[in-house]
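One structure is given below, encoded as C-alpha cells.
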Amino acid sequence: MREKSYSLAVCSTLQSKLYDSDLYMSVEPQLETDMIPAVILMIIFWSTDLQAQSVSPPAQYSVRLVDGTTSCSGTVEVFYRGEWLGLCSEWWSMKVTKVLFRELDCGNVVSESRGPLAEDGRRGVRIFSRCRGHESSITQCDIIGGRGACNGRYYHHVTCSESVRLVDGAGLCSGRVEVKSNQSWASVCEADFDRQDAEVVCGELGCGAPAALQGGLYGEGEGQTWDNEFQCKGKESLLLDCDTSDRENNICLPGNAVGLTCSEPDDVRLVGGGSRCAGVVERYDQGEWRTVGSDWNQRDVAAVVCRQLGCGSTVSVLPGNTTRGFGVSCSGSESSLRECSRSYDLSPGLTVICSDLLVQPDISLTDSMGGVSRGHQGPEVFRGYSFTITCSTQPQYTGGSFLLTFTGSNRTQTQPAVNHSAAFLFPAADDSHQGNYRCVYDNHVFSHNFSSESELLSLTVTASRLTAFIIIIVVVLLILLTAITTFYLYYMATMRKRREQCEQHGSSCQRQCHGDGLSELQS
C-alpha cells in the first residue's frame, strides 16, 4: 500500500506541474525525466491489481498434493485462512485418504506413509476427529489449525491411482472397475476385460491376486462405458499401459459392468508363534517389517489380522514383548489392517492367536503285502490283506494326538503323535472297512485346545487278485462251453431236417442224403 500511495502522489504532482502554464517552459526537460519512472511504476501496479482481481484465492479447506511423482501423490496440504498448510493428524486412516482423493477426483488409495516431521511452532492443519470415509470433501471432517497445531506430528504423504478405481466394494480391493476417460470415470464391460487385465488392476492398486471376476458383481455404473477392449499381458504396471483394440460390439448390455475382487495384500504377518496364525503382529511399512501395537480395542485389531491372514477367528490377544510399534486402532469390521486408523506414536506390541493355528494334517494309505492299488475312485485294498492308515502333520508343536474317524460309524481310534505322526494298522480288510476315513490332530498350546482335520480318504475293499483271476477263468470257460453247445445243437437240428426230407423223396434221395451226410461228416 505504501508503494501504491507513493505512485499516486507522484502522478498528482506531475499533473499539477503539467497544468501550471507559468512553469511549463521551465519544467519541460525535468518533466520528461520524471515521467519515465512514474509511468513504469503505474503500469506495474495496475497490472498487479488486474491479476489479483482476475485470480481468486482457493476456497477455505481446499486440498492439494505437493512434492509427489504424479498428480495423485504427494504430501497433503490444506488451504486454511489464506495460506497453504501441511495436514497432520494424531490418528490417520485410509478413510481420510479416501475423502482426499474423492475430492481430488483420483482413483483408489494405494498407500499412505509418514511425511516430513512438522517443525515446532510452524503453522499447520490437524484433523480433530476422524473422517468416516463417505464424506465428499475434507470440509465435512472436523479440522483445527494454526501455529503449533502439528507440533510433534508428521505430515502425511499419500499415493492413489490416477486412471483406474474400484467402487461400491466392501474394501479397498473390491468393487466395480472404472477407468478415467476424458476427465470422467467410465465402467468397463465384462467382454472387454479378462483375468490378465484383472492382474494388472490388482497390482496397480496395491492388492493381491484376482479372486473373483464377474459382470454385475458390484452393480452398474451411472456414467458412460469404456469403449475399448483391454489386451493386457499381465505384467504391465498400469492398466493404461496395456494394448487396447476397438470393441467388436459397441453395446454393453445391462448387468455386464465388470466387478473385481482382489485378495488382500501380503503386508501383515504373525511371527514367533510357531504358526502363520500365531505370533507378534507385524506390518510391512515403508520398506521394512514393523511391529504393530495398540493401547485399546486390541480384540478388534486381532479380528482384522486373523481375517486378513485367512486364519479364522481370534482366540486370544496376549501382551506383546518389550518391542513397541506404531499404534493401530480398528473397529473390527475392516477387511485389512491398512484400512484401520494408525498413529506414529509407539504402543505396546500385540501377540495374536487365531483359531486356525494348526496346519491341515495329511492322511495316507500303505501296506506291506501288495494288497493296495489305485482304482478309478481312489485307493482300493484287497479283501483279506492288511493295510495301514497314517496320519501326519508338520512339526509346529510337540505332543498332541491323532484321532482316526470312520464316516457313517461311531468307530474311532486315537493314538499319541510320535514324531508328528501316528499309524493305524488293520490286520485283514473286509467289507466293514470300506468307507471314508479322516485324521483329526489335537493339541493343547497357548493354554487353549486346537484341532485340525485332514481331507477325506475314500477306501474301497475288493476281491483279491487270485480270486479275481479264478473268476475270470471260470467266466471264459462258461463262454466257450456255451458256444460249443450252441454249435452242436444247431448241427444236429440241421441233420435231422435233411433226413426227414430224404425219407419223403424215396430211396435214391436217401442214398444222396446219406452221401451228403457222410461228406459233411468227413469234411
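Each Cβ is built from the backbone N, Cα and C atoms, and glycine gets one as well.
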(message) With the disulphide bonds as TrEMBL has them, who is the partner of Cys141, out of Cys131, Cys150?
(response) Cys131
(message) Within the domain 'SRCR' (164-263), what mean pLDDT does the predicted structure show?
(response) 90
(message) Using only C-alpha positions, which one of Cys131, Cys141, Cys232, Cys242 is spatially nearest Cys340 (disulfide bond)? These are the disulfide-bonded residues in the record.
(response) Cys131
(request) Count the other Cβ atoms sitting within 10 Å of the Cβ of Cys340 (disulfide bond), across every protein chain shown. (result) 24
(message) Using a Cβ cut-off under 8 Å and a sequence separation of 6 or more, which residues in the same chain sit near Cys242 (disulfide bond)?
(response) Asp197, Val200, Phe230, Gln231, Cys232, Lys233, Glu236
(message) Return only the integer: C-alpha distance in Å from Cys131 (disulfide bond) to Cys330 (disulfide bond).
(response) 14
(request) Work out how many Å separate Cys330 (disulfide bond) and Cys141 (disulfide bond) at their Cα atoms, rounded off. (result) 19
